[in-house]
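Questions regarding the structure given below will be posed in turn.
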């Protein structure tokens, strides 16, 4: 049987690879939803980690991950024992995004993302030769894939679902138990570890968390496949993930809806985010990442630092000098 590193190396395709080296022993592509219920439901875990001021569980019993309600070492131990491995996808299609965001994203991920687990960063870009070279820890890899150019950022945003689905089918499902999908205009500021893993994982949108549901900006156009009258929460498309099976199902469903909308001359209000919200309304996520992990403010041209430590990521702000429209 091939080792994880041999399998990763054997599937290296495309024009550009960085930091490939032998990895740990073989890992199965398995979901850990059942196993990971143990620390969440244990009596000591619940009595010693309470957050009475916030909702910590959905109506369908999915945990909402707030700072201080989990034991990171419990999750790390379980995932290490189960040989969990993680693929991270990030799109930096244009040179402007490469210059402004990608290096910061990758360097900060190396400090904080799934430390202790095998990780492959998949970077999708039109300009592979311009991807910065970064130092990678053992058992962490970077794979750069050339993608076609789209003139509108809305099309770039929506068609990433097609790219993710195709790569899961051709490669990721043979190598990784879990997949996380990120926007590039972000920076990790603290631990984003194995406690974030689950069968299907959605991020609560901080802007809408305390607003009444009638203020949620779901797509209200009945002609769109993303149309919603009501919902549970409003989710942010900047981060989503889960087992490779679940992420492929998400990508396939969103892509099918996007294609049908295009055929009907319709475009959802918030593009792939609108379709993602519709998907999670029908197919409830098994874990929600809470708003404390994310800073959505964009009033300055530089990333902000916020103080919560677990699962922390900082949204980069609109960069006026480079005139980058990040939506």
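Residue numbers in this text run from 1 along the chain shown.
Glycine is treated like the rest: Cβ placed from N, Cα and C.
Keep in mind that this is a model prediction, so the values were computed, not measured.
The feature compositional bias 'Polar residues' is assigned by TrEMBL to 1-14. The region 'Disordered' annotation in TrEMBL covers 1-20. Residues or ranges marked as UDP-N-acetyl-alpha-D-galactosamine binding site by TrEMBL: 97, 183, 184, 185. For 183, 185, the entry in TrEMBL reads Mn(2+) binding site. The feature active site, nucleophile is assigned by TrEMBL to 273.
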Which residues in the same chain, at least 6 apart in sequence, have a Cβ under 8 Å from the Cβ of residue 184 (UDP-N-acetyl-alpha-D-galactosamine binding site)?
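Listed in sequence order: 90, 91, 92, 97, 101, 102, 105.
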Quick one: largest C-alpha distance among 97, 183, 184, 185, binding UDP-N-acetyl-alpha-D-galactosamine per the record, in angstrom?
11
What Cα-Cα separation, expressed in whole Å, is found between residue 185 (UDP-N-acetyl-alpha-D-galactosamine binding site) and residue 273 (active site, nucleophile)?
16
What whole-number Å value do you get for the CA-CA distance of residue 273 (active site, nucleophile) and residue 183 (UDP-N-acetyl-alpha-D-galactosamine binding site)?
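Counting only the Cα atoms, the answer is 12 Å.
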